[in-house]
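Presented below is the structure to which this report refers.
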Amino acid sequence: MASAALLSLTLADFRSYERARLETGGRSVYLFGANGAGKTNLLEAISLLSPGKGLRGVSLAEVGRRLPGEAVGRAWAVAAEVQSGEDAPVRIGTGVEQGGAARRTVRLEGETVPPGRLADHVRPIWLTPAQDRLFLEAASERRRFFDRLVFAGEPAHAANANGYDKAQRERMRLLVDAAETGAPADAAWLTALEARLAEFGALLAQARARTLLALQAEIDGRGDRPFPLARLGLTGEWERMALEGAPFAEIELKLAQALASARARDGAAGRALTGPHRGDLAIFHVEKDRPAAECSTGEQKALILNLVLAQAARLSRAESAPNPVILLDEVAAHLDLTRRAALADELTALKLQAFLTGTDESLFDHLKGRALGVRVGDAGLTTLEDE
């Protein structure tokens, strides 16, 4: 395990910030201030120090600062100094060099590198108000949420998902064209694409199964915490095979066979009706003896928080990757005093760096002396003195 913490964070023309710099000293940070002050923007900046679109999931063109009358956002940058174990701090950064650009540049110690290299130094995991509707949204949202948990522990999962999606698009283009024109699709090409889909699909299913089992074990060991226990499940056929211990070759073979037999059906439907892209995450509240979707909003929030904390705990024991950095946006406001105190104790015990936001300073009373307090407002970022 390599400890990792952000020592500093610098923003330039990012969202509401023309310029901002936060020195953390490697400590956890709680950010408080009025709605719209820019607290979540700071968490989003940290989340972009990882591959992907960050915690808001928007296009890169949207995050550049834009003044009235400007058609597109400006070029923007996020940079950080990251301390990993006993090594010297490392400078990482990302941004776009031209306003409205769709691709970002990533730099490590001033050298341009692929975005995947960010995961070698920091792994943000987050919980935001957008995830409050996780149990009400379509299966794709829960699948995307769970895949982020998988990716944090197995970075190759993202590349496998991209490979699967690309092969899926190519296969569907052939099948839809054949369905519309009546001309047969190239069978050899379809077989080759389905072989790729089966390979990537089996890898995805097994990675999801490994992650689910690890998270369930972590959650089961957390019975003494004042957060609800959850039983996790994956509903997809291929994930079920992986959970039951089916070897990779068996999943790959059966998926390839299923795809081949579904060509006509998929072409007529205009979408693939079998594969790991159809799976779903199921969460069951053990004490309430009911699915999470039937629980109160408060219990749903607590279930997801416990899942994120379990994820942080399991990743903190990884041997070959940096510790996660936890981003909790407006989470404390939805917890009662007992759970708020438990959250502070949990974050302290995990010895991981966390960034939390809330409108009221009193929400973080249990973190005072254990984390750095920062007021976010019109005057910028104001660091509080420790009491």
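Even glycines carry a Cβ here, placed using N, Cα and C.
Going by Swiss-Prot, these are the annotated features:
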- GLY33, ALA34, ASN35, GLY36, ALA37, GLY38, LYS39, THR40: ATP binding site (BINDING)
Legend entry - Neighbours of GLY33, ALA34, ASN35, GLY36, ALA37, GLY38, LYS39, THR40 excl. site residues, C-beta within 8 Å of centre, ATP: THR357, THR359, VAL376, GLY377
Legend entry - Neighbourhood of GLY38 (ATP binding site), C-beta criterion under 8 angstroms, separation at least six: ARG15, SER16, TYR17, VAL376
Inset, instruction - Measure the Cβ-based neighbour count of LYS39 (ATP binding site), defined as the other Cβ atoms within 10 Å of its Cβ. - result: 26
Legend entry - For GLY36 (ATP binding site), the number of other Cβ atoms found within 10 Å of its own Cβ: 10
Legend entry - binding-site residues (ALA34, ALA37), the one with most neighbouring Cβ atoms at 10 Å: ALA37
Legend entry - binding-site residues compared (ASN35, THR40) - the one with the fewest other Cβ atoms within 10 Å: ASN35
